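Asker: Feature annotation from TrEMBL assigns compositional bias 'Low complexity' to 19-30. TrEMBL lists 135-221 with the feature domain 'Ras-associating'. Taken from TrEMBL, the feature domain 'SARAH' covers 223-270. Sequence annotations record features per position, and here TrEMBL assigns region 'Disordered' to 1-30.
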Amino acid sequence: MKDAVSGSDKNPSFGKTWGSSTSSGYCSGDSDSEFEQYFTARTSFICKPKKEKDEQVKCGKQQELSGTEIQQKVKEYNAQINSNLFMNPNKDGSYTGFIKVQFKLVRPVSVPPPRKGTATQDGAGKKNGGVKRCTSFYLPKDTSKHLHISSRTCAREVIEALLKKFTVVDNPGKFALFERTERHDQVFLRKLSDDERPLELRLYAGPNEKALSLVLKENETGEVNWDAFSMPELKNFVRMLQREEEEHVKQILQRYALARTRMQEAQAAASIPGGSSACGSTPG
């Protein structure tokens, strides 16, 4: 697979982001836990007339097109784009083109340790313990990547290619590709099955990102498969969850302490005789 990287698609800096507003744990409220088959989130709180039926996100396979219809679709698609990321039909009925995938990951990913400078420091440990060392980092917010793929490339292959581009060594099964659409001031998110073809979806939807965009997220299936993580990863998650717990407890204690102080002040003011009328009088 070829890839086209725009200015925003350069490899990100892999520093720790403990101060990031993105949650590090599995159960935080900021973790965008909209991992149902369908998810809608209102982008506006203005009340609008209710329709008889809510629109459903299409989850079935698109209707198969003939070779002539595909060529026509590709021509229409290419006429709408303002870049050189064209689609190209092939003689066998397939076609190739570019897709853009946005990363919306709330947990760190693992990459191999740097090759240079580690032989002297970690060489003895590797020989003795035989432990595989990995570096965990957070991908910067709104990281995106362009991939050049075929209409026959499935979602699972796209995920594997994306992880390879960023040298991520995590199990591809930890991630899933989502289709994001915007309709009538609502955002719809649908998880793609492994055998769905992202370029086919891109062609049918057109180049408009509001009509369809692709998002890589954690693959949530209801319960976390902890067996898929290594021991260093598990220890790291425990530390981050403890840190989140301590922060939440601190905020709750501060909130109740403030409420207690205000109630005590109100009680003290109410117990003063003539306290309510004394405010209006001035010393003569």
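Placement of Cβ uses the backbone N, Cα and C atoms for every residue, glycine included.
Note: TrEMBL annotation is automatic and uncurated.
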Asker: Can you count helix, strand and coil residues in the domain 'Ras-associating' (135-221) using DSSP?
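Answerer: DSSP composition of the domain 'Ras-associating' (135-221): 22 helix, 31 strand, 34 coil.
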Asker: Counting each residue once, how many in the domain 'SARAH' (223-270) are helix, strand and coil under DSSP?
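Answerer: Grouping H, G, I as helix and E, B as strand yields 43 helix, 0 strand, 5 coil.
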Asker: Taking the domain 'SARAH' (223-270) alone, what is its mean pLDDT?
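Answerer: Here the predicted model's pLDDT, averaged over the domain 'SARAH' (223-270), is 89.
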